[in-house]
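Student: For 7-28, 34-57, 69-91, 103-121, 133-150, 181-202, 208-227, 277-295, 307-325, 331-347, 354-373, 379-400, the entry in TrEMBL reads transmembrane segment.
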Amino acid sequence: MKFNKKSLFFITILGIIIFISYLKYIIYPTCWQAGYTHCAAIGQDFFALYQAGYNIFHNIFVYGKSGGLSLVTPYFMFFKYFPITPFVWGIPTLVFSSAMNAYYGYLVFSILLHIASIYLIVKISKKLKAQTYQIVFAIFIWLTYFSLTSEWRMGQFNHLAGMFLLGAVGAEIFSNKILSALAWILSLSWKPQAIFVAFYFWLTKNKLAISLFFLLFILFTTGYLAYFQTQNIPAFQEFFKNILVLENHHAWQVGYIDNFSVNAFWGQIFYPTNPKLYYFVSKSWSIFIIFMLFWSTWKSSKNIYNLNSRIYLLLFTAVSMSLFHKEVWESHLTFWLPTLITLLLITKNKKEWFFILICSLILASPTTFYYYSIYKLEWLKTLMIGMKVLPQLALYCYLIRKISTKKPYKFPY
């Protein structure tokens, strides 16, 4: 695939301009005064982290309604992550004089880290001996991914989890098992989106990764919950209710305009005419995702010393949570970034690369859920949700194909 220097230069400048234009949605949020609404929701997950950090520091249980008894944020948001997260990231945010100042600090940190990560993309591309056009389009997608606006406005951590996952991918490409393990653990410490990557590290026998995961996310969590359970607080119940979303979220999982999960897509297709069929398809899909994790691990075990196969398995396990989860909001799509970037850099087949580029551009494009009038027509709502779901399914199938290939393409390391 040929691109002249002028066109690549134009694409680079266009990407920078689009990224700068996105910042206005972050720096000047117009509806902060509305509080926690669909319009605003500004800083909601970050405020949950800030409050959890405060609670940890003052020995207050972070989960459930008890987490909001001593409110230090503009509004209360239930904390939904592992208890290690406020220990590692929540307590340091308390150095700011207020939750809002801490939120602005989060924005600066996230945006600067996003820009700095371009250096990592370039380093990976050189190791992979990627073509110039591959590097340019990878950086273009990195800068113009529209979901970043929702991610940063809402104070989410999919982006930070994704960046550290990209670091883990890069470390694997450079054959640095220690750095790969640490990057994965840091990714999980922000948000456990990449928790299924445990299958990958188990297969590759990365003892550091598995040990840290067991210590920080199983033993530490159990100890923390047991400590408050002894104080007559239903700690385990509150934890699982928040982490596993045990309460009824049907209204959010079916027919909600901002839900771009595969499950939501099944809901648009099946639920209006046959709810029982929808529930069957939904449960079958969840079982299929888990089954494919075991299948992919077994299949890749035959090529465990082949770095090509391992990278595809790592990416496959990373995106499996996005396919498994029943609530994938616009901001959650940001977690696809490391997979898209890696595939754009490693794919040498021109037709496959173009396919990945098209999927990446669709996922990176702006969503239309802000315009509620569009969704008065169910078929149009299905189309709009499908535009974000179908690329995810297509890339998922692509990774399955790569893992199942007997002789995977060798990257030119």
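Cβ atoms here come from the backbone N, Cα and C positions, even for glycine.
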Student: Near the transmembrane segment (208-227), which same-chain residues lie under 8 Å Cβ to Cβ, leaving out any that are not at least 6 residues past its ends?
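Tutor: Beyond its ends, the transmembrane segment (208-227) has Cβ neighbours at 82-84, 177-178, 180-182, 184-185, 188-189, 192, 198, 201-202, 235-236, 239.
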Student: Name the range, of those listed as 7-28, 181-202, 277-295, 307-325, 379-400, that has the largest tally of Cβ pairs under 8 Å with the transmembrane segment (103-121).
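Tutor: So the stretch in question is 7-28.
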Student: Do any residues of this chain, six or more beyond the ends of the transmembrane segment (331-347), have a C-beta under 8 angstroms from a C-beta of it, and if so which?
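Tutor: For the transmembrane segment (331-347), the sequence-distant neighbours (Cβ-Cβ under 8 Å, at least 6 residues beyond its ends) are 121, 124-125, 128, 130, 134-135, 137-138, 141-142, 145, 147-148, 150-151, 154, 156, 158-159, 161-163, 165-166, 169, 193-194, 260, 311, 315, 318-319, 322, 325, 353, 356-357, 359-360, 363-364, 388, 392, 395, 398, 411.
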Student: So if I exclude everything within five residues of the ends of the transmembrane segment (7-28), which remaining residues of that chain have a CB under 8 angstroms from its CBs? That is, six or more out.
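Tutor: Distant Cβ neighbours of the transmembrane segment (7-28) are 107, 111, 132-133, 136-137, 139-140, 143-144, 146, 148-149, 152-153.
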Student: Ranking 133-150, 181-202, 277-295, 307-325, 379-400 by Cβ pairs under 8 Å to the transmembrane segment (69-91), which is first?
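Tutor: Of the candidates 133-150, 181-202, 277-295, 307-325, 379-400, 181-202 scores highest.
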Student: Which residues, given as numbers and ranges, are at least 6 beyond the ends of the transmembrane segment (307-325) yet have a Cβ under 8 Å from it?
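Tutor: Sequence-distant neighbours of the transmembrane segment (307-325): 165, 168-169, 172-173, 175, 192-200, 203-204, 261-263, 286, 289-290, 292-293, 296-297, 300, 332-333, 335-336, 338-339, 342-343, 346, 392-393, 395-396, 399-400, 402-403, 408-411, 413.
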Student: Other than its close neighbours in sequence, what residues sit by the transmembrane segment (133-150), given a CB gap under 8 Å and a spacing of at least six beyond its ends?
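Tutor: Residues 1-3, 8, 11-12, 14-16, 18-19, 22, 25-26, 114, 117-118, 121-122, 125, 156, 159, 329-334, 337, 340-341, 344-345, 347, 353, 357, 360-361, 363-367 contact the transmembrane segment (133-150) from elsewhere in the chain.
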